[in-house]
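Novice: The structure under discussion is supplied below as structure tokens; questions concerning it will follow.
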Amino acid sequence: MKLKILNKNEIEIAANAIKDGDLVAFPTETVYGLGADALNPDAVEKIFKVKGRPIDNPLIIHVNNLEMANKIAHITENAKILLQKFSPGPLTIILKKKEVVPAITCANLDTVAVRIPNNKIALELIEKANTPIAAPSANLSGKPSPTNIQHIIDDLGDKINYAIEGETTIGVESTVLDLTEKKPKILRYGSITYEDLKKVIDIELIEINKQGKKIIKTVKSPGMKYTHYSPDAPLIMATGNIEEITGKINDLIKEYTEKGEKNENVGIIITEETKDKYPANIKKIVLGSRSDLKTISKNLFNSLREMDKNGVSIIFIEGFEKKGLGLAIMDRLEKASSKII
């Protein structure tokens with residue numbers, strides 16, 4: 001492994017690496033990001049190569065204040081209002097870009113995605129590097145997003161030189177809001193909800209592309225065009241009320257074991273309320289309580305990765321109500337799932 005893991009007192013090393021055109025994985029409050037100098041096209045190109053990320057999938061640029069945001073984007077009145085209300089925090093705003101932003105950073109679009117992360121390590125890294133940092137999630141493209149340092153080691157340990165160890169608290173990526181059209185639109189759900197935004201400005205919801213199957217030529221936001229978040233094993237999500245969900249999953253477990261699948265090869269990702277409703281001799285991960293979606297979202301991607309480490313051949317997971325943070329959770333699960341029932 002060539003990866004050097006840095007602590008919070010070694011951010012200067014990481015900042016110098018960014019200045020030198022290198023990549024650094026770093027924590028934010030959402031997930032780990034894989035960062036490069038957003039204004040250095042050669043450095044940004046490394047992100048796409050390391051992740052195996054399609055070049056037409058735009059990157060989010062992380063800044064540490066409104067002044068830095070203003071250097072890369074045309075800040076509208078609505079943007080100022082939103083940034084003052086929700087930043088630092090898990091909100092990404094899409095704005096018209098300024099010429100200083102290289103084409104590769106924004107997938108040849110005339111727009112740019114901007115965010116001020118709410119994480120001390122991330123903010124200090126940006127400050128010490130003294131440049132906006134382009135950073136998608138620090139995973140191999142298509143895999144579950146990384147929420148701890150072990151995930152970085154697993155995916156990128158032999159591909160990058162530096163990662164800063166730290167905590168992520170939310171576990172799903174930021175809400176993305178497009179302010180470049182007449183009416184602001186949510187392009188990706190996150191922990192800042194439609195209801196939160198509606199209190200501040202007038203916005204509309206759009207149907208977010210599901211599982212990357214619809215043909216979309218261009219996208220302004222990450223997470224709209226390609227399959228994301230998928231574990232190695234097929235993931236089947238059961239939806240409905242709790243009784244329907246548990247019934248569907250138990251039927252699937254029975255179906256797979258009757259076909260000759262060993263119980264230990266079946267994994268289920270479930271909730272506190274339902275953990276006793278399934279057979280005892282299969283692999284289980286409990287995400288948390290349905291009444292605490294913040295814990296569910298924080299544990300979500302790690303649970304998918306843990307199932308792969310357990311070597312299961314099929315994973316069944318419970319769905320959630322599409323309301324509030326549940327919209328963000330279901331957006332990720334719909335993209336990750338091989339099948340939804």
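For all residues, glycine too, the Cβ spot is worked out from N, Cα and C.
What TrEMBL records for T30, H62, R115, A135, S174 is L-threonine binding site. Annotation comment: TrEMBL describes R53, N57, T111, S137, S145, R188, Y229 as ATP binding site. Residues annotated as domain 'YrdC-like' in TrEMBL: 8-192.
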Novice: Rounded to the nearest angstrom, how far is the Cα of A135 (L-threonine binding site) from the Cα of R188 (ATP binding site)?
Specialist: 16
Novice: Among residues T30, H62, R115, A135, S174 annotated as binding L-threonine, what is the maximum Cα-Cα distance? Answer in Å.
Specialist: 13
Novice: Round to a whole number and give the Cα-to-Cα distance in Å for the pair A135 (L-threonine binding site) and N57 (ATP binding site).
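Specialist: So the Cα of N57 (ATP binding site) lies 12 Å away from that of A135 (L-threonine binding site).
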Novice: For T30 (L-threonine binding site), identify the closest of the binding-site residues T111, S137, Y229, judging by Cα separation.
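Specialist: So, spelling it out, the nearest of the binding-site residues is S137.
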Novice: Return only the integer: C-alpha distance in Å from S145 (ATP binding site) to S174 (L-threonine binding site).
Specialist: 12
Novice: Count the other Cβ atoms sitting within 10 Å of the Cβ of A135 (L-threonine binding site), across every protein chain shown.
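Specialist: Summing over all protein chains shown, A135 (L-threonine binding site) has 28 other Cβ atoms within 10 Å.
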Novice: Please list residues from the chain of R53 (ATP binding site) whose Cβ is under 8 angstroms from its Cβ, counting only those at least six apart in sequence.
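Specialist: The list for R53 (ATP binding site) reads I47, P136, S141, given in order along the sequence.
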Novice: DSSP on A135 (L-threonine binding site), three-state: which is it?
Specialist: coil
Novice: Please name which of the binding-site residues listed here, N57, T111, S137, Y229, is nearest in space to S174 (L-threonine binding site), Cα against Cα.
Specialist: S137
Novice: Pairwise over R53, N57, T111, S137, S145, R188, Y229, annotated as binding ATP, what's the top Cα to Cα distance to the nearest Å?
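Specialist: Looking at R53, N57, T111, S137, S145, R188, Y229 as a set, their Cα atoms extend up to 25 Å apart.
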Novice: In Å, rounded, how far does the Cα of H62 (L-threonine binding site) sit from the Cα of S137 (ATP binding site)?
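Specialist: The separation of the Cα atoms works out to 12 Å.
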Novice: Among the binding-site residues H62, R115, R188, which residue has the fewest other Cβ atoms within 10 Å of its own Cβ?
Specialist: R188
Novice: For the domain 'YrdC-like' (8-192), would you mind checking the mean pLDDT of the predicted model?
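Specialist: Across the residues of the domain 'YrdC-like' (8-192) the model's pLDDT averages 97 on the 0 to 100 scale.
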Novice: Same chain, not part of T30, H62, R115, A135, S174: whose C-beta falls within 8 angstroms of the C-beta centre of the L-threonine site? Give them in sequence order.
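Specialist: Checked against the 8 Å cutoff, the neighbours are T28, G33, I60, P90, T92, P117, A122, E173.
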Novice: By the DSSP assignment reduced to helix, strand and coil, which category contains Y229 (ATP binding site)?
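Specialist: Note: Y229 (ATP binding site) is coil by DSSP, not helix or strand.
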